[in-house]
């Protein structure tokens, strides 16, 4: 049954991907398309010693070395499509053959994601599932992952390789759910060396493996039995981390280029928020600061000439100063992020709940970093949504939180696709995925999963869309205040994401208070 479920979902997934590839090939050439084309050219045309120094394009290589080698591997296939795309000086190069290769490379590397979905489906608890195929938990999970709206538009219209990366993450999670912890640790270590944004969920991995793998037994009250510590297991984990790190960073350490690589990986000069504010705490903070500054000017309490320029709303990626509220530094965001995930991490140390407790902690860490991190991209919401899908098909409460988070988080991605040609496809895909999520989970848990207030909030997204796409473009403010639709979308979605984060945390802490036994 699980195989039939996966095959059915996979068939539809392939049809959707091919359709979107044809569509996006004609209409969409995002900035990230040129970013990855440039990285293909750098890794193919230049010696390794120049990879992290090359700056002909503004889109310099800023991913860890393993991803650079991934691009290097792709470049050897790319040369058979169009060698000109591999010339560093050919900026913004978009030949039909180049477009075809880039699009097909995302589809082919999605094989990793598809395999990971299969393994996650194998790990789902089945007791709540109905007997028919379409209502079974692992079919619903396969659909929620393979047809995920956010991943489809980010990878196959906007253009990135998130499916490949999330595939490694989900496969790592599946291995922990299956009790294969060394494999899970190896996969996550590889993932960290492919994209360093996953450092945000490293605390969940580190504490879980230390507490539930290196310590082999608990006391009767569920606390750690210190005498059960296994040095052999710790050495095994350490060997994995050191070996993968040495393979990835070793050549650059040998060339004395580690500081240069790290400066590319952590560019703190980029500013608190991305050009489009991710729907998090800092979007709300910026909005309050903006409102207070406007109010101060209106009441003649502030001199507009002395206020900092409003670069935070102008779409620029740079540092800026807040007008009224204290400006936020990278160290402040780091402290806030650590404080936001600390209770979740402590919960899996004090009262481990097995691999599913780890998975819940991972989602909290991903969402906490999204809420409080420095220069967060809106796409990072997928790091919480995709793993959370596993819990959503196993728990009624998680399903309700999932629907709130997914609907709000996915809608916040709409500004990535801003052309008129892309409007119908993003609305259609969003509606299809959202309707399926609501109907399938409602059927699985036999009843409504949201209260009236939550439903009203989500219906408000329709009003936001009409305002941003229909009403505001016809208004006289469109040319003088072009950032308003982005601001409205970000701030409104921030409320829903914040609410989901709080509900998820309450759920985690409540389970921490009731569970007394380790379930690894």
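Residue 1 is the first one shown; counting continues down the chain.
Every residue, even glycine, has its Cβ placed from backbone N, Cα and C.
Heads up, TrEMBL stuff is auto-annotated, nobody curated it.
Per TrEMBL, the stretch carrying the note transmembrane segment among 305-326, 481-502 is 481-502. Cross-referencing 65-90, 91-116, 273-298 with TrEMBL places the feature transmembrane segment at 91-116.
Most Cβ pairs under 8 Å with the transmembrane segment (197-214) belong to 332-350, among the candidate stretches 234-254, 332-350, 413-436, 457-475, 481-502.
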